[in-house]
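If you look up TrEMBL, you'll see A:Arg211, A:236-237, A:250-254, A:267-274, A:Asn288 marked as FAD binding site. Annotation source TrEMBL lists domain 'Electron transfer flavoprotein alpha/beta-subunit N-terminal' at A:4-194.
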Amino acid sequence: MSKLLVIGETRDGSLRNVTFEAIAAAKKIDSDGEVVGVLCGNGELESQANEMVYYGADRVIAIKHDNLKTYTSEGFGQAIMAVINDESPAAIVMGHTAIGKDLTPKIASKLEAGLISDATDIEVDGDKVVFTRPIYSGKAFEKKIITSDITFVTVRPNNITAFDRDESRTGEISSKDVEVTDIRTVIKDVIRKVSEGVDLSEAKVIVAGGRGVKSEDGFKPLQELADLLGGAVGASRGACDAEYCDYSLQIGQTGKVVTPDLYIACGISGAIQHLAGMSNSKVIVAINKDPEANIFNVADYGIVGDLFEVVPMLIEEIKKIK
Amino acid sequence: MNIYVLLKKTFDTEEKIAVTNGQIEDDGAEFIINPYDEYAVEEAIVQRDEHGGEVTVVTVGDEDSEKQLRTALAMGADKAVLINTEDDLDEGDQYTTAKILEAYFEDKDADLILAGNVAIDEASGQVGPRLAELLGIPYVTTITGLKIDGETVSIDKDVEGDVEKVETSLPVLVTCQQGLNDPRYPSLPGIMKAKKKPLEELEIDDLDLDEDELEPKTKTVDIFLPPEKEAGKVLEGELQDQVQELVSLLKNEAKVL
């Protein structure tokens, strides 16, 4: 049976949802394969390993080392390479997150392997595994295959459906000792700027603001709506350039490309660069004073009106049904 | 300091994308420096002005990339290198590009290599880290701040909105994120000077590489456009009623609440 390695990722001690999606992705690559999860850290990894099993991993390898306390490509790279050498997986799958983007090219380079970044779909066509991925920030898509021996892919959050959590599933959890040395990039400190809560790239609901938000304070009702819906706040480039919010919130051709279930665009005109970053969202709501705004061309539902009137009303209405 | 920038030309962000026979239509399209690579060019110039040395901008691409290299020279880079693969490579991927750059950098003694964190066309973000790995130097991706003091390099790294303070040493490869700087526009004297700056053109044969080393590891089998979004429903009536209708539609029709 071929082995499918899924690299797990934690944030604040919990596994990220995209790890569960990566497990489902591995099963799409080979439905008969054995899913081997791998986790790196310096503390307790047992509960996260169990979670991976509940979501479909057949067994999990936990690597603990003081040098794996925070992610570095060098530390995690050494640990994961040791597992790859042991297991000789047929496929490696990870989420296309900050860590996934940083780590996987290093491993692919070491393996002299092809790597498909940011896949949104996986199909098996005969003996070929075909990956779909957005290009030009979602203005187009390409289908790609890997011609080297190992199938290696990162999957975009929110696109491949995870299996249902099943606590009755069991799997072996083993630990592995690995030498982790010579870390040349040292993390001295982490400054948390993102408020607790939902990461933009994984959010199921995004409430985004544009120039129409007018000020930093103007984002407050948007944040309230996002909190109510368990979502995250995003922004257009216009809002970032005007310093209403941090660039880390920017959605668009430069900035993040997102595909939430629900995208609520408030005071966003809908420049082509912004549309590239969000038009593949499942449901789009546009709120804008200008009935001619381009955003209405991609919106499923539109309200022509002042966001400072509409958003508070929306909050009240949603509270009624919650 | 020996500073290098990896630069790629991309479609202008204003461009609509058309596909013919499974290929992106590029006739008549406007091309620009990949926006994230512009941050790299700007940062290279700033670091050179502070620490001395020379900025060389390197592209793996086709003849048309000369235009974007000239723009980088006009911004203030000192030299440009175009590794023209048009005649030698039918298809490349991130693996082949990194291999070509590895061969180029073999004898270069680079102190600092800067690249965009991602290109807005293919958007894999692989070439920088792959190259660093091949060269055996550390890398830090998505940087928003860079301070060099002797051999010590202090970096602000964007991690999905949080900032990691990273310390490393030269030589290092970094990939640039929005927020690092404000790229300058080329000045008129800059544009005039750029015409006289050296732009070296190399081909695969000029590098120490076997052709079979450049076999890509991935293959594109199709390119297509996403289904056109149908124009949606703009609600009407009193604002309060519209909001009520919206919530009802989101709950019952779209089923997202």
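Backbone N, Cα and C define each Cβ position, glycine as well.
Features recorded in TrEMBL, as mapped to the structure shown.
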residue	record	Cβ within 10 Å
A:Arg211	FAD binding site	17
A:Gln250	FAD binding site	25
A:Gln253	FAD binding site	26
A:Ile268	FAD binding site	32
A:Ala271	FAD binding site	18
A:His274	FAD binding site	28
Next item on the list: Could you check what DSSP calls A:His274 (FAD binding site) once collapsed to helix, strand or coil?
Entry: helix
Notebook entry, point to check: Going through the binding-site residues A:Arg211, A:Ile268, A:Ala271 in order, which have a C-beta under 8 angstroms from some C-beta of chain B?
Noted result: none
Next item on the list: Take every residue in the domain 'Electron transfer flavoprotein alpha/beta-subunit N-terminal' (A:4-194), average their pLDDT values, and give the whole-number result.
Entry: 95
